Amino acid sequence: MEERPKKPLILYATQTGNALDAAERMGREAERRGCSVHLLSLDQYDASCLPQEGAVIFVVSTTGQGDTPDSMKGFWKYLLQRNLSRQWLEGLNYAVFGLGDSGYQKFNFVAKKLDRRLLDLGATPIVQRGLGDDQHPTGYEAALDPWMTSLWSMLNTVNSNYFPSGPGFLIPYENLISQPKIRIMYHEVGKVDSQLSTGSDLNHIELQIERARKMSSVKYSLDKNRPDCILKLVKNQPLTKSNSKDKEVHHFEFEFVSSAIEYEVGDILEILPSQNPAAVDAFILRCNLDPESFITVHPFEMENQLLDTLVPIKLKTFVELTMDVASASPRRYFFEVMSMFATAEHEKERLQYFVSPEGRDDLYQYNQRERRTVLEVLEDFPSVQMPFEWLVQLVPPLKMRAFSISSSPSAHPNQVHLTVSVVSWTTPFKRNRAGLCSKWLAELDPEQCVHVPVWFQKGSLPPPPPSLPLILIGPGTGCAPFRGFMEERAMQSLSGTTAPVMFFFGCRNEDNDFLYRDFWLSHSQNDGVLSEAKGGGFYVAFSRDQPQKVYVQHKIREHSQRVWNLLSEGAAVYVAGSSTKMPSDVLLAFEEIICKESGLPQESAVRWLRALEKAGKYHVEAWS
């Protein structure tokens, strides 16, 4: 009898959790076909062991502007070693599935370069790489489903022993989903009291967040558990006109109250939003949970380790701080597990249909397209009573929201400013939806002494030295980091010479959403840091104020010669704003300017801009 081969290995690299979801789903689908797999994060795997593997499936996301996720950096560095031969991975069969967003210029860049490098090292692809796209109507699963079908078929060709009953054989879901990975312990109140914080209110907030996140099913890096500090809201000012139907943007000012953190212009502020208390209460009631009970949460594999380090937390507080019950839509696996606990036959049938290949599009229409929340889905299937362990494992985590800081610490000591667009939309079934964090922020009243937990991060826009000429492009709230840049440069100009700055801003209407109008104009006049007299300039594209639409790329072309002159003097380009078309349209405008003003052919202009990027002088921070 032929020996079973070594288990296929699924290695994933995730930044936001999507690649982990996809990898776990692949693992479940393999096991449904009788193929047992190992699943590991790339930072848990020793890259030197790759030649000993039989088959490896990589699931990797692309972050920012073509960057590898943090968990992949060490693995990728190992793979780039020059002493690895072209035969190093001969005998290894591999497959790569990438998760990306085609709104970004470097769509699925990480998956593509990983695929090329594995080929270079002698590995054999099982199937052509798969590329999931967040922009697709049904998300990355539109590419994942057909890719997995091909994968199982080709993996069976590589070695039929992986699938003892063939790749078409399927074990029913109920037989496969045995128990959750989470264990919850309930504690008596008397034994808990002595461990609760007796420190200041702010310290108590930080401790509660740290305790909850330490127990969350999502594994954060240690420095992400506890907030860097607590900020107090001191100003909430609308920047757009109240009758503007298209957009609502607010300017926020916060003061440090717990401890001051040093930050630089171009940095990112991450905020943990508060959920609607009524929604949290409704979720707890719907799931028959006791909000006042004290719990500890841990993975099953941690059963006998480190449990004494977990401090019990109130169930309601745990839900509020870690589980997104009324904003995020649940994943497909949530519906798979729900079908196990549905006692009404018509509900069970509908849930089983949703998770079948035939029901994928209908599930997308019901769930993602309508942005149904966990609470709404549970209310639509009243016979389902899921144990809390499953809910903790499957409810989407409450994520921090990242915003570009729009202030300079030199100009505003002890403060941080943000420029936030309030996200709102109408679903296909005419239901009004709003972004959890932006709506919560917009409704905050500084008079109410609001404290906000935050983390500081480095962004994609490094702070420029005062001697560096700048060309800035920031339509809409993309102007936020450049407000900080201009405040910083204005402070620097008080004590020395500063290089010229050109700034191209864009909005829809001069009257409705010309954000920080007086600020920009004041710096563009009277020899200000944005003035033409200082070699720079401030230029605005109002897209809706005339019959033909005018965008920032049109304004850049309009000032072609001045842009080229500044580029020739060694200027750095910074682009911030929407990731859809703007960054690529702006890049194309620069290509055309270089061709026109220097006489170079287009291929040379493309190489010129690539060299600018490699030299650290072309930066993009875009968001969808």
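Each residue, glycine too, has its Cβ placed from N, Cα and C.
Per TrEMBL, these features apply:
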BINDING   Thr14, Gln15, Thr16, Gly17, Asn18, Ala19, Ser61, Thr62, Thr63, Gly64, Asp134  FMN binding site
BINDING   Arg371, Arg401, Ala402, Phe403, Ser404, Gly435, Leu436, Cys437, Ser438, Trp623  FAD binding site
BINDING   Thr477, Ser543, Arg544, Lys549, Val550, Tyr551, Val552, Gln553, Asp585  NADP(+) binding site
DOMAIN    8-152  domain 'Flavodoxin-like'
DOMAIN    226-464  domain 'FAD-binding FR-type'
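Overlay of TrEMBL annotations on the structure.
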residue: Thr14; record: FMN binding site; Cβ within 10 Å: 22
residue: Asn18; record: FMN binding site; Cβ within 10 Å: 19
residue: Ala402; record: FAD binding site; Cβ within 10 Å: 14
residue: Leu436; record: FAD binding site; Cβ within 10 Å: 21
residue: Ser438; record: FAD binding site; Cβ within 10 Å: 21
residue: Thr477; record: NADP(+) binding site; Cβ within 10 Å: 24
residue: Arg544; record: NADP(+) binding site; Cβ within 10 Å: 14
residue: Val550; record: NADP(+) binding site; Cβ within 10 Å: 16
residue: Val552; record: NADP(+) binding site; Cβ within 10 Å: 27
residue: Asp585; record: NADP(+) binding site; Cβ within 10 Å: 15
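The shortest Cα-Cα distance from Val550 (NADP(+) binding site) to any of the binding-site residues (Asn18, Ser61, Asp134, Ser404) is found for Ser404. Counting only residues at least six positions away in the same chain, the Cβ atoms of Gln15, Pro69, Val110 sit under 8 Å from the Cβ of Thr63 (FMN binding site).
Recorded residues Leu436 (FAD binding site) and Thr16 (FMN binding site) have their alpha carbons 17 Å apart, per Cα-Cα distance.
In the domain 'Flavodoxin-like' (8-152), helix, strand and coil residues by DSSP number 58 helix, 32 strand, 55 coil.
Thr16 (FMN binding site): 13 other CB atoms within 10 A of its CB, across all protein chains. Taking the C-alpha positions, the distance from Thr477 (NADP(+) binding site) to Arg371 (FAD binding site) comes to 24 Å.
A 10 Å cutoff on Cβ-Cβ distances gives Arg371 (FAD binding site) a total of 14 other Cβ atoms nearby, all chains included. Cα of Arg544 (NADP(+) binding site) to Cα of Ser438 (FAD binding site): a distance of 25 Å. When the binding-site residues Thr14, Thr16, Ser61, Ser404 are ranked by how far their Cα is from the Cα of Val552 (NADP(+) binding site), Ser404 comes first. Calculated from their C-alpha atoms, the gap between Thr16 (FMN binding site) and Ala402 (FAD binding site) amounts to 12 Å.
Ser404 (FAD binding site) sits 22 Å from Thr14 (FMN binding site), taking the CA atoms of both as reference points. Taking the Cα of Asp134 (FMN binding site) as the reference point, the closest of the binding-site residues Arg371, Ser438, Asp585 is Arg371. Closest to Thr14 (FMN binding site) by Cα-Cα distance, out of the binding-site residues Arg371, Ala402, Ser438, Asp585, is Ala402.
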